[in-house]
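This report refers to the structure that appears directly beneath it.
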Amino acid sequence: MAATKLHPALRNAIRAGANLPTEVISATFDVQEGIKLLSAFLLRHEPVCVLTGAGISTDSGIPDYRSPGRPPHRPLQHLEFLGSHERQQRYWARSLYGYPRIRDTMPNVGHQAINELQRRGLVGAIITQNVDGLHQRAGSQHVIDLHGRLDQVKCMNCHSITTRDELQSRLLADNKALLDQFSVVHDEAVRPDGDAVLDEDLYGRFTVAACASCGGVLKPNVVFFGGSLDPEDVKRASTAVSEASALFVVGTSLATWSAFRIVRQAVEEAKPVCVLNSGPTRADGVIPEYLRLCMPIGEVLPAALRQL
């Protein structure tokens, strides 16, 4: 899409305080107008704090949980994983297959646009609900991984952190006899957390690796459902919102409280909010005034960047 750059006079007027609309813009609204409004929002409120969700990574081939047509999924619970060796076998067997898909995924134009906006000083901190590390891979700094990192593994006993690649090598070595028996139920079954649906007969024969330092239970360094966020990450996210001029939400329905409370904080602190998401969000009808762009992220973000 060709996008006309903002006229320098308009850019200066926006930076000087020209009013921006605070209305919901539907998916049927002119995309070019939405691009101009987003460009104006970013200029007017630099630096903005960015909050991202699964929708920013779908163009990289990582599916989300809530898009239309996605099969229903019961997420693994934190206590369920810790309390059952069978659940640990099931998780790590599926992750052994699914993790490389996430590890080898590349950032898309949305990640790259946010990185460039940060490089230009229009974006400050980036808070992400994603565990894929794609913001960092795109070159972004000051990224707060609110739900952890899939490329890390944590011991639940000694709390040491090791790399997921190191564990992958151990799992492959310990389960060499099973590898040729891996049968994926359907190819689209790899999920945002690196989980994959495999033949049920494998799980009971899968060897789970223990912590190399203390023999404790290993868990991916991500927040399972029912688990608690790292208090330091919560504090850093709150500080990032407070220090920013505005909040820019990208690719999330805000269904989880951990994400929605960040928006609530921005509203309580009278920060302008812009939401760019291809579908409805929890903020719809709740936040009284904000810029809502119900438009494709991979189309709108790069086009807005080209206008600046």
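Glycine too: its Cβ is placed from the backbone N, Cα and C atoms.
Pulled from Swiss-Prot:
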TRANSIT   1-16  transit peptide
DOMAIN    28-308  domain 'Deacetylase sirtuin-type'
BINDING   53-73, 129-132, 251-253, 277-279, I297  NAD(+) binding site
ACT_SITE  H147  active site, proton acceptor
BINDING   C155, C158, C211, C214  Zn(2+) binding site
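All features noted in Swiss-Prot, drawn onto the structure.
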| residue | record | Cβ neighbours (10 Å) |
| --- | --- | --- |
| G53 | NAD(+) binding site | 27 |
| S57 | NAD(+) binding site | 27 |
| G61 | NAD(+) binding site | 13 |
| D132 | NAD(+) binding site | 25 |
| H147 | active site, proton acceptor | 22 |
| C155 | Zn(2+) binding site | 20 |
| C158 | Zn(2+) binding site | 11 |
| C211 | Zn(2+) binding site | 19 |
| C214 | Zn(2+) binding site | 12 |
| N277 | NAD(+) binding site | 23 |
Would you mind pulling the DSSP three-state label for C155 (Zn(2+) binding site)? strand
Cα of G61 (NAD(+) binding site) to Cα of C155 (Zn(2+) binding site), in Å and rounded, measures 30
Closest of G53, S57, D132, H147, N277 to C214 (Zn(2+) binding site), Cα positions, recorded positions only: H147
By Cα geometry, the one of the recorded positions (G53, H147, N277) nearest C211 (Zn(2+) binding site) is H147
Cα-Cα, whole number of Å: D132 (NAD(+) binding site) versus H147 (active site, proton acceptor)? 10
Proximal residue to C158 (Zn(2+) binding site) among recorded positions G53, S57, H147, N277 (C-alpha distance): H147
